[in-house]
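So that you can see what the record holds, here are the features copied from TrEMBL:
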- 27-60: region 'Disordered' (REGION)
- 48-57: compositional bias 'Pro residues' (COMPBIAS)
- 95-373: domain 'Deacetylase sirtuin-type' (DOMAIN)
- His225: active site, proton acceptor (ACT_SITE)
- Cys233, Cys236, Cys257, Cys260: Zn(2+) binding site (BINDING)
Amino acid sequence: MLLYHLSNKPWQKWTKVSSRNSIYLRKMSANSPPGKSDGDDPIDRPAPSVPPVPPNPMESIGARIRDLDVDSIRRYLAQKLGFYEAPEAVAPPNQVLEEVNLDGIVKWIKSERCKNIITLAGAGISTSAGIPDFRSPETGLYHNLQKYDLPEPQAIFEINFFRQNPKPFFMLAKELYPGSFKPTLSHYFIRLLHEKGLLLRHYTQNIDTLERGAGIPAEKLVEAHGTFYTSHCLDCRKEYDLDYVKERIFADQIPICTDCPGVVKPDIVFFGESLPDRFQRCLQEDFQQCDMLIIMGSSLEVQPFASLIDMVPDWCPRLLINREKAGMRSPLLRLWGVMSGGLQLDEEAVRDVARLGDCDDGCQDLADRLGWGDELRALIASEHARLELLNAQSAAHAHAPIPPAAAPVGLTPPTDPKL
């Protein structure tokens, strides 16, 4: 279960924090160093207490009510209980779609008014590449971590646990490391948006670097949860590239800094570390310019990423491409007349459209309707051929011995089940 605390000031820094039974986010001041938040105590202090995780749907609704704008609830109570005359109802946003369906989305993207598309992506755009998501029953990453004998599944991504025992993470990283998977059709659809001059920015929750592999320029990317693409020594902060760390992981070594005995950690955001500065900066620049938002393969459950859908202008069309509906407004709150954030995917929708199914199928369908289908298929074929050639060349050099940077720590699983 996920808890979250989100300010109405999205530029404030956030840090991931985990406790034994929950994961939540803690606000950081603008001048907090990476991995630290206001009032942090020594490293061995337990995470601060949080309200209990809602055990049933009604309590979940209650949690969402607490997160609403207080003034919206005040206006509702004033109107219903007769404290004073309620102000005039807020007019619904202007409808810019000719039809509130996929055809209307296609017409809007083709129009001259659509110039700045933002895409938001979750694990669903990478599952067809063979990368598991985190929470799916039986196949999700957290479900398959028993062999590492962790105190809890998310411990493998907790910075305090990593400092004490980095071995489980690097054993897992060997299975998931970038270069072992090819970008999917969904990744290349995003690249095609860039080549058409329509992509303002791509925000991703994923750490697999497949967007980079698909050829999406770094300046168009916001990797909200970090990336394997670069790494830093935990002690002296020396930077390392992807190849340095990958070579040592695949040689069953824990990467060690060449300048000091520190462990070299990929720049993915662990629980207990702050989100990247680039995420904070781009929020302020991008979303008020957005005239089309496409959400792909995300459950929209993890904050602050899930709140990004409400940062675009009120009239901005929003398309969800996902296996199931996500990010929905609370139906109970709508019955009460209280405005709430989220997608409105019902007969009253004026700007929100859902294309349910696999992300790759949805992106191909959208590309075909836009008249880009053949171009997308050709791009995928040529890029996959290029990547296969690069992988073959990389494999030819993989057997060369790797000189240890310092005394390397072996990654071979111990005979003792305790890591």
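From the backbone N, Cα and C atoms, a Cβ is placed for every residue, glycine too.
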Non-site residues, in chain order, whose CB comes within 8 A of the mean position of the CB atoms of Cys233, Cys236, Cys257, Cys260 at Zn(2+): Leu234, Asp235, Arg237, Lys238, Thr258, Asp259, Pro261, Gly262, Val264
Neighbour tally for Cys260 (Zn(2+) binding site), based on other Cβ positions within 10 Å of its Cβ: 14
Distant-in-sequence Cβ neighbours of Cys236 (Zn(2+) binding site), under 8 Å, six or more positions away: Cys257, Asp259, Cys260, Gly262
Cβ neighbour count within 10 Å of Cys257 (Zn(2+) binding site): 20
Chain-internal residues near His225 (active site, proton acceptor), provided their CB is under 8 angstroms and they sit 6+ positions away: Thr204, Gln205, Asn206, Ile207, Ile268, Val269, Leu275
Confidence summary for the domain 'Deacetylase sirtuin-type' (95-373), mean pLDDT rounded: 88
Residues near Cys233 (Zn(2+) binding site) in space but at least six apart in sequence (CB under 8 A): Tyr240, Cys257, Asp259, Cys260, Gly262, Val263, Val264, Lys265
DSSP-derived structure type at Cys233 (Zn(2+) binding site), helix or strand or else coil: strand
